[in-house]
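Read through the structure below, which is laid out as structure tokens, and then see the notes.
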Amino acid sequence: MTKTELKPILVFDSGIGGLTVLREARVLMPERHFIYVADDAGFPYGGWEEGALKERVIALFGRLLAEHDPEICIIACNTAFTLVGADLRIVYPQMTFVGTVPAIKPAAERTRSGLVSVLATPGTVKRAYTRDLIQSFASQCHVRLVGSENLARMAEAYIRGEALTDDAVRAEIAPCFVEVDGKRTDIVVLACTHYPFVANVFRRLAPWPVDWLDPAEAIARRARSLVPLPNGFEPLNGEDPAIFTSGKPDFATRRLMQGFGLKVAAVGSLG
């Protein structure tokens, strides 16, 4: 199989947070082209009614798979994958889906205090999937679920170069910090792919040091394990396409995409 015959990897997110996963995946799969898809017409996912969001994502993937025929799809969105991942695998059994789920298992393995917080969207927090992960892997820990209504939007704005106020960020992360019987939270799981972009702000404003757990590298490693590596490949150069379901990303977003080696594709609205 020559490099021109290699199918691309599709990376999907509700917005631009999935760029954290794309960045890691490119390091591990330099022989592949990537297609980045941002469902900005539906962003943010956290406030959607579950049935409507499930219907939207399944229909959207029907169009994406038909048009792009990727090798695999990486769902770089906790809210989407915890809701619709199983359904995507049933509806499109010919496709491999690699999902993003809260990194509760590694957090439970690493914590010393036994106090772990999961910083997510409201949608991810209320999923049975998330609670099943806690029951399976962190039953001996005190796990606090923090569903932020605002942080994904704030992170998108920050990535685009807009300023955030310390007080606004501090209010969003404050519930993550718990003290019980002289012990303190020592790990916060970043259960939204937007949040790692703001992790340095979190570190600066945290009331005490914690380990902010970013799952992007683990997701990329999982994807790499499922993608065949051809013999004699050469790393690819050039821009990959970025697709926005609104069909109209603003100038700041286009500039950001360029910084990630992506070129916004000229497509009509998909959403």
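Every residue number used here counts from 1 along the chain in the order it is shown.
Note that Cβ sites are derived from N, Cα and C of the backbone, with glycine treated the same way.
Annotated in Swiss-Prot:
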type     : residues                                                 : note
BINDING  : Asp13, Ser14, Tyr45, Gly46, Asn78, Thr79, Thr193, His194 : substrate binding site
ACT_SITE : Cys77                                                    : active site, proton donor/acceptor
ACT_SITE : Cys192                                                   : active site, proton donor/acceptor
Near-site residues: substrate, ref Asp13, Ser14, Tyr45, Gly46, Asn78, Thr79, Thr193, His194, CB cutoff 8 A to centroid: Gly15, Gly17, Pro44, Cys77, Ala80, Thr121, Gly123, Thr124, Ala152, Cys192
Residue among the binding-site residues Ser14, Asn78 whose Cβ has the most other Cβ atoms within 10 Å: Asn78
Per DSSP, three-state class assigned to Thr79 (substrate binding site): helix
Where Asp13 (substrate binding site) falls in three-state DSSP terms: strand
Cβ-Cβ distance under 8 Å to Asp13 (substrate binding site), same chain, at least six residues away: Leu19, Val21, Tyr36, Val37, Ala38, Asp39, Ile75, Ala76, Cys77, Ala80, Thr193
Other CB atoms, at most 10 A from the CB of Cys77 (active site, proton donor/acceptor): 33
Secondary structure at Cys192 (active site, proton donor/acceptor), reduced by DSSP to three states: coil
